[in-house]
Amino acid sequence: MGPPNPTRLPALLPLRVAVFFLLASLLASTAAAHNDVGLHKNYLIIVRTPYEYDRSLFKDVSSWHASLLASVCDMAEEELDRDPSAMARLIYSYRHVVNGFAARLTAEEVRAMAEKDWFVKAMPEKTYRLMTTHTPQMLGLAGGAATGAGGLWKTSNMGEGIIIGVLDDGIRPGHPSFDATGMKPPPAKWKGRCDFNATVCNNKLIGARSFYESAKWKWQGIDDPVLPVSEGSHGTHTASTAAGAFVPGASALGNGLGTASGMAPRAHVALYQVCYEDKGCDRDDILAALDDAVEDGVDVLSLSLGDDEAGDFAYDPIALGGYTAIMRGVFVSAAAGNMGPDHATVANEAPWLLTVAAATTDRRFLATVRLGDGVELDGESLFQPKDFLSVQRPLVRDLSDGTCSDEKVLTPQHVGGKIVVCDAGGNLTSLEMGAALREAGAAGMVVITIEELGSVIQPKAHALPASQVTYATGQKIRAYMNSTANPTGELVLKGTVLGNRDSPVVPAFSSRGPSKQNQGILKPDITGPGVNIIAGVPKPAGLMAPPNPLSAKFDVLSGTSMAAPHLSGIAAVLKRAHPTWTPAAIKSALITTANPTDRNGKPIAAHDGSPANLLTVGAGFVDPVRALKPGLVYDLTAADYVPYLCWLRYTDAEVNSIIHPMPPVTCAAMRAVEQKDLNYPSITAFLDTEPYAVTVARVVTNVGKARSVYVAKVEVPAELSVTVAPATLRFKKVNQAKGFTVTIRPAAGAPRTKGIAEGKLEWVSNDNVVRTPILVSFKKFVQDNSTTAHLTH
């Protein structure tokens with residue numbers, strides 16, 4: 001997902017690829033059905049399997065689904081072979097992710113279907129949205145070598161043999177990030193296909209398909225056949241972030257020069273295109289892609305898309321497909337969304353998904369503003385020409401509203417040869433402002449970002465030398481300009497600078513918790529690099545010509561879309577190192593080793609300078625090196641989520657639609673598990689009812705040294721009292737599991753509060769510190785009709 005307005009990137013290419021090719025004999029009838037758009041709409045139909053259903057009566061599940069569809073279209077089953085019109089109305093027949101199908105139906109047909117004993121739920125169409133050269137070194141993957149000859153890569157062989165499935169828009173064929181030099185063939189389990197020709201499909205890009213059968217009924221311009229090609233940046237950027245090959249000499253317009261690579265440079269990539277241009281990503285196409293991906297044999301799924309109002313897990317394709325994936329041992333990393341900084345905006349919140357927030361890295365593209373009084377104020381810019389003469393020039397501002405959007409004042413007489421100071425947020429983008437100023441003869445530009453974005457800058461490739469500065473820095477520049485009759489300044493272009501100690505910082509756009517669907521589970525889970533990330537693109541978005549051909553293939557993008565594939569690639573590296581670990585074990589390793597502090601050792605900050613709480617940053621910033629050897633993990637199987645879903649009061653039909661194709665269950669026949677007792681690597685407790693004490697149960701599994709002893713260490717605010725029993729865990733062998741309880745209550749004599757408190761439980765051994773975040777609320781997260789949670793801090 002790209003950041004929302006005003007931080008949202010231009011809408012990135014939506015859905016495009018077919019998971020289910022209809023028979024050639026049906027194409028004529030489907031084309032003719034375009035004329036029925038006013039009568040028919042796309043619906044996702046959830047069904048139950050009658051006990052008397054005999055699968056052998058039909059050649060495959062799609063034949064059964066077609067027979068169900070025919071039963072409301074006044075067609076006898078024996079007519080299907082002669083008249084396939086019911087089959088033509090069947091868009092997708094799902095085999096794994098959900099027990100049901102997608103079809104084009106009238107409202108009358110849906111009402112008739114609701115009378116059938118096999119019918120569970122009908123859901124109308126819904127659209128979802130799309131939500132580097134340095135990060136491998138910063139995260140410790142590459143050690144000290146640009147080619148990966150050290151660090152975690154050395155231990156895990158850079159994810160070799162792991163298949164990462166990326167659901168996104170299209171991909172750029174032949175991009176150097178998908179070069180297969182030195183790559184082995186995919187493992188024998190791979191069943192997918194690549195619809196490009198042999199010169200594009202290789203041992204790196206092993207799969208590329210388009211899913212668009214649902215989307216094409218709603219939007220013009222999606223015609224058969226469709227190849228998963230995109231001129232937009234999103235899919236190429238996310239895929240190369242997760243598993244791009246080594247590309248020496250990569251840069252974004254000359255910035256960040258180095259060897260580009262993904263987090264798992266030896267992993268294979270399978271691209272499933274489900275998004276197209278500005279149309280979004282159709283829910284039923286997403287389900288179809290997930291359905292095929294788990295059957296194709298992917299090991300990791302990377303989902304930089306979602307719905308900010310996805311609702312119940314029983315009807316969200318990412319929750320449904322994600323559950324089927326973890327049932328098959330597939331790890332799922334998903335973007336948290338870009339609707340921050342408001343609370344309760346987090347997307348992809350199902351507990352079986354790893355939900356990833358975004359933060360800055362320690363890299364900046366510095367463009368300093370040196371004022372006439374000698375004060376230097378740092379900003380950033382991606383356009384930094386080598387031949388720019390840095391000298392003091394007159395500083396002027398737009399004489400209208402300050403946004404440099406009024407053509408009447410952008411004249412050579414006013415701006416010629418000068419540095420113009422502009423406020424962001426007008427009718428023109430900063431790129432358009434720069435182009436207008438360049439045409440008027442300005443020497444440079446200073447863009448002051450809006451106050452709500454705080455300290456985080458997302459630099460652009462401006463049409464002239466420029467510096468983007470924070471709102472606070474901009475006010476200092478304004479104050480100087482008001483203090484003298486002849487203000488001057490110069491732009492000092494310093495290029496790429498590493499080692500910023502005030503990082504990571506969570507930007508305003510990164511969505512915050514609490515989860516709307518399961519408030520007792522901390523979401524987001526973790527934070528990864530997601531601001532100003534350099535990765536592969538078809539072409540850069542800036543206005544300036546790139547300095548060399550290779551730099552035209554990389555660009556800087558920001559969003560939780562960029563953070564999620566970082567975690568996807570890191571998960572692939574961990575899976576290669578620990579092939580027997582479950583998806584929950586990998587997630588636990590990532591969460592319990594995440595770093596809650598910045599490079600200065602202080603708590604990670606939010607964009608406004610305040611400490612980023614657990615609802616903002618999750619457990620902290622990912623630390624792949626520590627995650628390789630976490631010591632203990634909180635493990636879960638797919639079946640362990642079933643009693644938790646029952647406690648959430650899902651009906652039996654809804655639970656069975658989520659856990660399909662597991663055997664059906666009846667919630668009344670099992671003991672429900674409260675959210676607080678799900679064996680999750682974080683703890684959320686509500687002290688809102690008497691006796692104002694909560695006890696949670698957890699089980700940890702030893703994946704470290706066989707004989708090891710862990711001692712509990714708790715850090716919580718003074719208003720809380722926390723007891724761990726037992727306080728010492730002694731292990732004698734690997735994979736041994738030990739249970740414990742944590743009791744949380746207000747401290748004796750402590751005043752009652754309505755806010756939230758944060759702390760941590762650490763299990764400490766000679767070799768490991770296993771950190772479990774603790775979030776305590778003295779009041780339930782109350783939601784109004786807009787689903788926005790009200791928190792009292």
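Any Cβ shown, glycine's included, is placed from N, Cα and C.
Copied from TrEMBL, the annotated features are:
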ACT_SITE  D168  active site, charge relay system
ACT_SITE  H234  active site, charge relay system
ACT_SITE  S561  active site, charge relay system
DOMAIN    57-131  domain 'Inhibitor I9'
DOMAIN    159-598  domain 'Peptidase S8/S53'
DOMAIN    392-477  domain 'PA'
DOMAIN    677-776  domain 'Subtilisin-like protease fibronectin type-III'
SIGNAL    1-32  signal peptide
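For H234 (active site, charge relay system), the number of other Cβ atoms no farther than 10 Å from its own Cβ, over all displayed protein chains, is 29.
You'll find the Cα of H234 (active site, charge relay system) roughly 7 Å from the Cα of D168 (active site, charge relay system).
Summarised by DSSP class, the composition of the domain 'Subtilisin-like protease fibronectin type-III' (677-776) is 1 helix, 58 strand, 41 coil.
Here the C-alpha separation of S561 (active site, charge relay system) and D168 (active site, charge relay system) works out to 10 Å. Long-range C-beta contacts of D168 (active site, charge relay system), restricted to its own chain and to partners at least six residues apart, with a cutoff below 8 Å, comprise L130, H234, G235, T238, A239, L271, Y272, Q273, V274, C275, S304, L305. Across the domain 'PA' (392-477), DSSP assigns 24 helix, 19 strand, 43 coil. As a whole-number mean, the pLDDT of the domain 'Subtilisin-like protease fibronectin type-III' (677-776) in this prediction is 94. The Cβ of S561 (active site, charge relay system) has 34 other Cβ atoms within 10 Å, all protein chains considered.
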